[in-house]
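Annotation source TrEMBL lists transmembrane segment at A:6-23, A:35-57, A:63-83, A:95-118. According to TrEMBL, the Na(+) binding site annotation covers A:Gly74, A:Thr77.
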Amino acid sequence: MIWVIGIGGSLGAAVRFVVGYLVSKGTRKENVFPLGTWIVNITGSFLLGLITQLHFSNDISEWLWFFGGVGFCGAYTTFSTFGTETITLIESNKINTAAIYVATSILVGIISATIGFYI
Amino acid sequence: MIIGGFFGSICRFALGEWIHINNGFPLGTFLINLIGCFFLGWFLTFVNQKGIIKPEFALLVGTGFVGSFTTFSTFSVETLNLFREGLIFMAFLYVLASTVLGIVLAFSGYKLALKKTQVM
């Protein structure tokens, strides 16, 4: 079982990296709104909400839950990068951007998880 | 990075299983995210200043391991679950404590790395 989580996690980390790369290609500037991580965390929250609902209702196998939910979604989204990006914004005196980043990540994140769960 | 993601996810799961309390508060994810914030804040600053660590290694540890170790999606869904169970206060406490402490710890990690390199 632990392998399944690891493989899901590897994929999640890789997709996160690709999304971050594609998004940052458009906005090359430093110290702007960290859109890559934002998108990753919002879409990942939606997906995990959806998978959690399927897991609770026993519509997916335990295997798929560990692979997609614990492994993939868990690794695809990230809290540590969210924290350090906020610090970077604060350090470069972009207090408003930092506040908007934190507030919208959490609010939209929980809302998209809710939508995923009840869809 | 993929290797880092592999081990990061497994460590998250193992630690999450190990830390279990039954009053509803998602302590496992909470601690995992805080530890990850502190470490990444320290690590990224350290790597930036030193320049002796290979970029590939920074990617493996930073983006791969720590990025996969911490999780935002579980945080969102756990908050949703607390709301669903009517534990409104607990949900707010979880969100506030995770965010505030996460940012404070990331900042502490960052400061720690600065101090160390200045001394050297």
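Note: Cβ is positioned from N, Cα and C throughout, glycine not excepted.
Annotation note: A:Gly74 (Na(+) binding site) sits in a helical segment as assigned by DSSP. Here the binding-site residues are A:Gly74, A:Thr77; the one with the fewest Cβ atoms within 10 Å of its Cβ is A:Thr77.
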